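K.L.:
Here it is, the structure in full.
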Amino acid sequence: STMRKRKTTDSPRSSTDLSEGKEKLRLKQEVGLISGVSLIAGTMIGSGIFMSPEWVLHHMGSPASSLLIWAACGLLAMFGALSYAELGTIIKESGGEYIYILRIFGSFPAFLFAYSSVILVRPAGLAAVCLSFAEYALAPFYPGCSSPQVVVKCTAAACILLLTIINCLNVRLATSIMNIFTAAKLLALLLIVVGGLVLLAKGQTQSFQNAFQNTTASIKAVGVAFYQGLWSYDGWNNLNYVTEELKKPEVTLPRAVVIAIPLVTCLYLLVNVSYLAAMTPPELLSSRAVAVTWGDKVLGSWAWLVSLSVALSAFGSSNGTFFSGGRVCCIAAREGHMPDILSMAHVRCLTPSPALLFTSAMSLIMIISGSFTSIVNFFSFIAWLFYGMTISGLLYLKIKKPELPRSYKVPVIMPIIVLMAAVYLVLAPIIDQPQIEILYIIPFIFSGIILYFPLVRFKYHPRFLQRVTLHLQLFLEVAPTTRDAN
């Protein structure tokens, strides 16, 4: 089986097998429980909770149904993360979905995932976060009206270019920014939660009267509302990308999930309640930056604090997305599924600058051509397609490979629910009034076949590509990394 075909040359950092008498390189296991909880929660709390509430309400039609969507998204993220935790205790390698698909289903579907992730999913995530950063950074300069889209897109593009420079030049600076801005996002959420509780105590509950009125029954609307809500929970699987760096992964992985995701879910629900306490549903729907509108109504002359906190939060989240974005790219290149240049690092700065520059370029293209909501829909559609594939891999291992050592087992009903949700989230927008943009994604994913067979399966490497790689190496001052470089 594929699980037994891993080669030492392909994955020397996989878990050590003492019976083989082979010593394999490993990353330092320095991520403990607190760090694991911070990584999950810090990645999840980004720009989504400040951008998506109006879209969830728009598609669901009523306050109560939108709150149910937020709670259901949290439960789904919890089930998905616990299912991934079991996978992480079976396949103790970093790389998340890519490495699981590679080890369970083989090279071809893993290549399609890497191809889609590097070209669309990762850049789409970064583009969406930077657009939300731009919305909130510009909101104080355009009081009472929406910021011009040209200005928003130019600001988002400038954000991406700044992040590219930071992450290409200095790893320590990038990680310091990540830590500082995590505090800003928690401060912003707590400020909104406390403000909402004060409003409720004063009796501002008009949004919760007849709370289910105008609830939609459209399959497509519910699916798109889930897309927007789940965007705010994205990051529930991030700990699986650093499995090799966890202390006692069989214990730390499930415990971190059980602590972080319920915490974030409670915060998200309280923030949405606060928005609805401060604004009527029509007011919330007419706001392009809902947290700024909340600040104007609740904080008055201090409303700029909300804009500043949310902009800092979005910037920190985009920095985290950018910082981790090269991981799948580098691992895929290491496995021979991506061009060699993308696995290289700068000879002095020791940063994966080619992968970062490529991600930056693709994100800029998405910002120019799309809006926040359309980019989130693209991201969610592809992400849940491969989440579903990964979860089906876990079910396959549960049925066909029950003898594999696993220190943690998730109840089988959880991955089944996640798989059903993934199928629904992928098919619902296609069946009920399909958007032409989403229909383009499927041909794009399978266009990878054109590249896979000549370049990966038959290892055909045209000379001009080798020359391009050499020139890029010289121009970017990069060199191949050893297995333990990061």
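A Cβ is built for glycine as well, from the same backbone N, Cα and C atoms used for every other residue.
Not my notes, these are from TrEMBL:
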{"type": "REGION", "residues": "1-22", "note": "region 'Disordered'"}
{"type": "TRANSMEM", "residues": "31-52", "note": "transmembrane segment"}
{"type": "TRANSMEM", "residues": "64-85", "note": "transmembrane segment"}
{"type": "TRANSMEM", "residues": "97-118", "note": "transmembrane segment"}
{"type": "TRANSMEM", "residues": "154-174", "note": "transmembrane segment"}
{"type": "TRANSMEM", "residues": "180-201", "note": "transmembrane segment"}
{"type": "TRANSMEM", "residues": "256-278", "note": "transmembrane segment"}
{"type": "TRANSMEM", "residues": "298-317", "note": "transmembrane segment"}
{"type": "TRANSMEM", "residues": "378-397", "note": "transmembrane segment"}
{"type": "TRANSMEM", "residues": "409-431", "note": "transmembrane segment"}
{"type": "TRANSMEM", "residues": "437-456", "note": "transmembrane segment"}
K.L.:
Is the count of Cβ pairs under 8 Å between the transmembrane segment (64-85) and the transmembrane segment (256-278), pairs 6 or more apart in sequence, 3 or more?
P.N.:
yes
K.L.:
Quick test of the contact rule: Cβ under 8 Å, at least six residues beyond the ends. What residues does that give for the transmembrane segment (378-397)?
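P.N.:
Here the qualifying positions are 3, 80, 83-84, 86-87, 90, 97, 100-101, 104-105, 109, 113, 116-117, 120-121, 124-125, 128, 227, 230-231, 234, 237, 370, 404, 410, 412, 415-416, 418-419, 421-423, 425-426, 429, 437-438, 441, 445.
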K.L.:
Would the transmembrane segment (97-118) count as touching the transmembrane segment (298-317), i.e. at least 3 C-beta pairs under 8 angstroms with sequence separation of 6+?
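P.N.:
Contact absent: fewer than 3 Cβ pairs fall under 8 Å.
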K.L.:
Below 8 angstroms Cβ to Cβ, which residues of this chain, lying six or more residues outside the transmembrane segment (437-456), approach it?
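P.N.:
Beyond its ends, the transmembrane segment (437-456) has Cβ neighbours at 107-108, 111-112, 115-116, 120, 336-337, 374, 377-378, 381-382, 385, 429-430.
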K.L.:
Is the transmembrane segment (409-431) packed against any residues at least 6 beyond its ends, judged by a Cβ distance under 8 Å, and which are they?
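P.N.:
Distant Cβ neighbours of the transmembrane segment (409-431) are 76, 79-80, 82-83, 85-86, 219-220, 222-224, 226-227, 230, 377, 380-381, 384-385, 387-388, 391-392, 394-395, 398, 438-439.
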